[in-house]
Amino acid sequence: MDRMDNFDQVNFGAEPNWTVILTATACGTGALMLFLNWFGHKQSWKKIQRAKARKETSLQRAELAVLQFNESHPETDTSLILSLSLAELSKQLKGGTLTPEAVFHSYVEKTLEVNRRLNCCTEVLLESWDQLEDIGSHKDGLLYGVPVSIKDNIGYKGHDSTCGVICKLDLPATGDSVLVEVLKRQGAIPFVKTNVPQSLLSYDCGNPIYGLTLNPHNPQKTPGGSSGGEGALIGGGGSVLGMGSDIGGSIRIPSSFCGICGFKPTANRLSSRGASSCSRGQKSVLSSFGPMARDVDGLALCMQALLCDHMFRLDPTVPPIPFNQQVYQHSKPLRIGYYENDGYAMPSPSMGRALRETKALLESAGHTLVPFSLPRLSYAMHELVLRGFSGDGCATMLSNLKGGPVDPSLRVQIIPYGLPRTVKKILSILIKPIFPRIGASMESLCGASSVQDLWRQHADVEDYMHEVMAEWRRCELDVLLCPMMGPAYNHNYPGKLTSALSYTIMYNLLNFPAGVVPVSTVTAEDEEELRHYKGNYGDLWDKLYRKAVTGGEGLPVAVQCVALPWQDELCLRFMREMKK
């Protein structure tokens, strides 16, 4: 009775003890929150362990399969197979000089070796052995018997597309993405998925699930991102052709850092159906899927294979424009625009030198080079790129990071994202007088204030595109030559240096096709000149940039080739000029 009396008094008395009630409630709520937090982390840890176990199991089974094949086929010349370009490999496969089995197992073996050094793979696709058994039915395909690596976020039936975030674990794709379906139809064998940075919205390559990927030329350097696993695997010799995606340089940056060729087509030239993303719905800066390979002819062959009736039927939103071989193979002299410094992020000494040397070679080959500059680039970076990316105040990206740890490579980058809008505005006002570029960027991270504001921003993007194209026409350009970010950064610097993306992300904003070709390596003279690097602004970002690229002697350096929207074949043709 006493216990019931007390219960009545607490709940129904005229003068309840609110201090006692609130304290008890707070303690109970706190305990509940602690329990939910502990339970959530425990579930995340279990998800990560399951993903790691799947990876290890696939690697072990692949290793056993390779061992068995090598024992039964000791005549296989693996070194010869791995030395062939994609075009040569395809020719020998179709001619019967090489068998798909020999090529497949040679590349799986090399992939396993490269992955042990670089940690670039997330899972070997064991179903690829089943496809290998039936490969003869696709002998007419343009990529018959070619092993292809695919970025983690490209859907493959029965496998996760994690984007490096825990919330996407244990959600295997219910079917193949359109790209994978078309690759298979053309006789290619997707055989491995490759690592990415957490959320994809970074040009480093580490996440809490699969860990950090290393650069094939120097393990102290990042391979770039977000298609960093692809760059590392192809650059390390473990793949002859890979598929990546690019929303700010995510194909081009790892291609540059790893010394391979990469191509970002016009958005929606290749289907994105069945691919995963952490920024779906964002329309100011467009994403694009494209190939990565050792040479430009390999990129062109892949594009030719993918731009087929089968893709156009599977995804009717893709314009049914087949690959124009005539444009790609044309040899008339080009009128080429160029710039060495975009005025926002000063290029490293090796970047500037690579651009100047390439310009001289193009002129000696009979092409006309014309100075060009992107108008109002600072405005475009802050008001169009950053404000568009942050249209929702960065809420979508941050929501994808819940439920687990943030990777060290991303930690500094996201600090301002989670700040309240008012705090971002105040910090912007305080920083701008000292560091104008950093202050303007902080204000842009506030995103759109309303739907009306977002629509206005979209309209501004359209206006800017036409402004750039008007200047392009005034200069009567065919294509554009510009610097490519590089050389490869030291680990964990990309998250501190989003400013350097101006050389790549502008062509996502403009939706211009763009590709990169390695043309040089960093010299001792470049390193010496880097010691005196001041940048365009002399701010914290310029000082960090010098530290990011230091120690790069011997690393590859690339240039970037750009064309107008839907002139993808012309862009590839221009890229091929770099290797003549």
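Including glycine, each Cβ sits where the backbone N, Cα and C put it.
Keep in mind that TrEMBL annotations are predicted by a computer and have not been checked by a curator.
Look at TrEMBL and you will find K151 (among others) tagged as active site, charge relay system.
Sequence annotations record features per position, and here TrEMBL assigns active site, charge relay system to S226 (among others). For S226 (active site, charge relay system), applying a Cβ distance below 8 Å and a minimum sequence separation of six or more within one chain yields K151, V196, P197, L200, L201, S202, Y203, C205, G244, S245, I247, S250, P254.
Per TrEMBL, the feature active site, acyl-ester intermediate maps to S250.
Here TrEMBL flags L200, S226, I247, G248, G249, S250 as substrate binding site. Non-local contacts of G249 (substrate binding site) by the CB criterion (under 8 A, 6+ apart in sequence, same chain) comprise Y203, M485, L501, Y503, T504, I505, N508.
The feature domain 'Amidase' is assigned by TrEMBL to 105-572.
What TrEMBL lists as transmembrane segment is 20-40.
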For G248 (substrate binding site), nearby residues of its own chain (Cβ under 8 Å, 6 or more apart in sequence): L201, Y203, V285, L501, T504, I505, N508
Beyond the site residues L200, S226, I247, G248, G249, S250: chain residues whose C-beta lies within 8 Å of the centroid, for substrate: L201, S202, Y203, G225, S227, S245, D246, I251, I253, S287
Site diameter for substrate, Å, by largest Cα distance between L200, S226, I247, G248, G249, S250: 11
